[in-house]
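K.L.:
So TrEMBL says this about it:
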TRANSMEM  6-27  transmembrane segment
TRANSMEM  48-69  transmembrane segment
TRANSMEM  89-107  transmembrane segment
TRANSMEM  128-150  transmembrane segment
TRANSMEM  162-183  transmembrane segment
TRANSMEM  190-208  transmembrane segment
TRANSMEM  238-258  transmembrane segment
TRANSMEM  270-295  transmembrane segment
TRANSMEM  332-357  transmembrane segment
TRANSMEM  378-399  transmembrane segment
TRANSMEM  405-428  transmembrane segment
TRANSMEM  437-457  transmembrane segment
């Protein structure tokens, strides 16, 4: 087994840098939190004093991880797809814009701690538990995509088996997540994003000027070594393309990793600005990935140290980015580029694992089962679930095909089930638990009914325009047949879930309030006994249906003892209406 010494040294250097920053940030957070809020809440939302500088970096780095840069380069490189089908950069950038315009302010101004809080407040703890399932699966699929990308990068740099590298990468991510909470993640994100920016942009000019690479302006539209990398959207695929784009744009909003940053912002206005900054950052960071994918499609691999067989023929398309960096760049550039990228792709894995454990510890363990749980107990539950969820993500990374496939899959369940529920609970008056349950299962049935080729799940609902297609398995080399649903059934499932929630909620309300159904049949206590009357905990104490900021527990910012204070200007971009902190200080 050949070990690439330069790449190994680069990995060690950058990993040590990231771990040092993570440990330092955890130490700073520990000292700062001594007189502040509960330690468990500080781990989840970082004391709600994350400023624009650190906040902008950490929200950008949440999306710009291994799946983002490797998946974008992979899709541009793949023949038959190309840039036209690399939807993630614009899809997720727009999701951040939409999230900032409509969702960030109501979520932050109401003082929630996790994304599931409004569901449990309005629909009750049992419905919150149901909604935790797709949220958890989404985070695990996303983490699996990150681990798969990180494993692919390591397998290129160190030349070890990709399964081994995925397992090693998972262990690193799990350990790194245990170092500290959101502060640790946020500050390391600054370093990671800086590394990935330099690592990619420094490498691109050298890759473009390599003698084995043809002019990417020519290969963009002309067949040289493979199909043009710009790609095209055929008339028969337009509807499917739009379905996938809506999935990325709207399905990218209801994620705990996103709302964890929103809820950690020092004010609702800050939360909105962070979303817009991250949208711009996502687009900027996608450019080098697109160029590297184009370089891969424009290379005569026979002239490189990689060999005469192109990566797509070896089923290594998902590793095109590290392959280009290693074989088309000088050793000293490859040294920095590969090391920086391998360290930076962890920037989303730690966030996803932390988000999943935060939702379980707070919304399932504490609010649903152990309301009297101590702060120390909640922290230990988070630590245990970090290991469990990390192991589940590792299994998914080993069993599922491409990075981009994992990417779409992770957004599917969130888009179809959680997005319409979030829309209802924030913007539609009168929805209740009966409607939520109905919408949940309507969306689930229609989505699962369409099948999922990446999970080898056959469909039992054949939507209009379906067709049977074949593919060759990348490991067994056997021909597999699957059903390609060309109908936009994902968006239809989402709309059915939303309409089912609204219609069944109003129907249940009418039946019970008109007396057509006896109160004894209100077994979910959703109409005649409001769940919003429940006391969730001191962070989201609500006394009536109309939430007012004076009823929320004040959040005490911990400024002077943390570096975050340097980037926090409480007077600039102030939001008196939505910042309970400032209103409390004025009193």
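Glycine is treated like the rest: Cβ placed from N, Cα and C.
Computed from a predicted structure; not experimentally measured.
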K.L.:
Between the transmembrane segment (6-27) and the transmembrane segment (190-208), are there three or more C-beta pairs closer than 8 Å, counting only pairs 6 or more apart along the chain?
P.N.:
yes
K.L.:
Quick test of the contact rule: Cβ under 8 Å, at least six residues beyond the ends. What residues does that give for the transmembrane segment (89-107)?
P.N.:
59, 63, 68, 72, 115, 118, 245, 247-253, 258-259, 262-263, 265, 268-269, 271-276, 278-280, 282-283, 286, 290, 422, 426-427, 578
K.L.:
What stretch, picked from 128-150, 162-183, 190-208, 238-258, 378-399, has the most CB pairs under 8 A with the transmembrane segment (270-295)?
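P.N.:
Stretch with maximum Cβ contacts: 190-208.
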K.L.:
Flag the pair the transmembrane segment (162-183) / the transmembrane segment (238-258) as in contact if three or more Cβ pairs fall under 8 Å (sequence separation 6 or more).
P.N.:
no
K.L.:
Which range out of 48-69, 128-150, 378-399 gives the transmembrane segment (190-208) the most CB pairs under 8 Å?
P.N.:
48-69
K.L.:
Quick test of the contact rule: Cβ under 8 Å, at least six residues beyond the ends. What residues does that give for the transmembrane segment (238-258)?
P.N.:
59, 62-63, 85, 87-88, 90-92, 94-96, 98-99, 103, 114-116, 135, 138-139, 142, 348, 351-352, 355-356, 358-359, 408, 411-412, 414-416, 418-419, 421-422, 465, 486-491, 494
